[in-house]
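Asks: Could you have a look at this structure, given as C-alpha cells, before my questions?
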Amino acid sequence: MNLLIVGLGNPGSNFLHTRHNVGFGLIDKLVMKNALSLRKAKNYEYADFNVDSRRIVLIKPLTYMNLSGNIFPCVFSKFYMKINNLLVVVDNVDLPLGKCRLRKVGGASTHNGLRSISESLGSTKYGRLYIGVGNNSAFGLKDFVLSKFNDSELVRVKNVFNFLSEEILGIDEFSFEHKIATINSSSF
C-alpha cells in the first residue's frame, strides 16, 4: 500500500515549534531521517521516496491550517493517490502531551484543518495520526494551539517524533491494526 502522509501546520518561521505545527514537525523529522529534501509545488512542499517497494509521499500544505483541504485535488492527481492511501498527522488538545492516537477514520471535532480536509474530500474515511499537545484552560483554544512548547515539552515532542518516525513508515493495509495498538499504547 502506498502512503500519502500529510502533516498539518501553518507556514512561516513564527509558527515553528507551536502546538498546532506538530504535523509539520513529524514531516520534517521523516525528511531528515530519510536524507530527503522537500520540493515546492504550488501550495505545498513534498518529498517522494520508496520503502520496501511502496511509494511514500510526505506533504506539508503551505496553506494555513484552516485551508488544508485545498491541496488534495492537486496532490491526489500528481501522486496517483486515493483517500485510502491518506494519513493526516495533526495536533490534538484532547490528548495529553506525549500521547498519540492512530485511527482509520474519525471526525473533525474542533479541528479546522481536519474539517477543511473532510469537506474537500467529501468524506471522513481517511487515516489520522493525532499527536497530543495537552490543554491549558487558562488560554483560549486558539492562543493555546498557537503557543510554543517550552523546553521540557519540546524534548517530549522530539521523543514522540523519534518514535513515530520509526513506526509510521511501516503502516500498510496488513499492519494497520498492529500499528494502532503499538502507537496508541505509547506515551512520552
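Using the three backbone atoms N, Cα and C, a Cβ is placed for every residue, glycine included.
Pasting the relevant annotations from Swiss-Prot:
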{"type": "SITE", "residues": "Asn10", "note": "site 'Discriminates between blocked and unblocked aminoacyl-tRNA'"}
{"type": "BINDING", "residues": "Phe15, Tyr64, Asn66, Asn112", "note": "tRNA binding site"}
{"type": "ACT_SITE", "residues": "His20", "note": "active site, proton acceptor"}
{"type": "SITE", "residues": "Asp91", "note": "site 'Stabilizes the basic form of H active site to accept a proton'"}
Asks: Look up Asn112 (tRNA binding site) in the DSSP assignment and report helix, strand or coil.
Replies: helix
Asks: Please report the Cα separation of Asp91 (site 'Stabilizes the basic form of H active site to accept a proton') and His20 (active site, proton acceptor) in Å, rounded to an integer.
Replies: 6
Asks: Cβ within 8 Å of the tRNA site centroid (Phe15, Tyr64, Asn66, Asn112 excluded): which residues?
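Replies: Close Cβ neighbours, site residues excluded: Asn10, His20, Thr63, Met65, Leu67, Ser68, Gly113.
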Asks: Taking only the Cα atoms, work out how far Asn10 (site 'Discriminates between blocked and unblocked aminoacyl-tRNA') lies from Tyr64 (tRNA binding site), in Å, as a whole number.
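Replies: With distance taken Cα to Cα, Tyr64 (tRNA binding site) is 5 Å from Asn10 (site 'Discriminates between blocked and unblocked aminoacyl-tRNA').
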Asks: Measuring Cα to Cα, tell me the gap between Asn66 (tRNA binding site) and His20 (active site, proton acceptor) in whole angstrom.
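Replies: On Cα coordinates alone, these residues lie 11 Å apart.
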Asks: Would you mind checking how many other C-beta atoms are within 10 angstroms of the C-beta on Tyr64 (tRNA binding site)?
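Replies: Here the count is 17.
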Asks: Just report the maximum Cα pair distance in Å for the recorded tRNA binders Phe15, Tyr64, Asn66, Asn112, no decimals.
Replies: 17
Asks: To see if you understand the setup: which same-chain residues, six or more apart in sequence, place their Cβ under 8 Å from that of Phe15 (tRNA binding site)?
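Replies: In sequence order, Gly9, Asn21, Phe24, Leu146 meet the Cβ cut-off.
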Asks: Taking just the CA atoms, what is the gap between the residue listed as 'active site, proton acceptor' and Tyr64 (tRNA binding site) in Å?
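Replies: So the alpha carbons of the residue listed as 'active site, proton acceptor' and Tyr64 (tRNA binding site) sit roughly 11 Å from each other.
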Asks: State which of the following recorded positions has the fewest other Cβ atoms within 10 Å around its Cβ: Asn10, Asn66, Asn112.
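Replies: Minimum Cβ neighbour count within 10 Å, taken over the recorded positions Asn10, Asn66, Asn112, occurs at Asn66.
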Asks: Is Asp91 (site 'Stabilizes the basic form of H active site to accept a proton') helix, strand or coil when read with DSSP?
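Replies: Note: Asp91 (site 'Stabilizes the basic form of H active site to accept a proton') is in a strand by DSSP.
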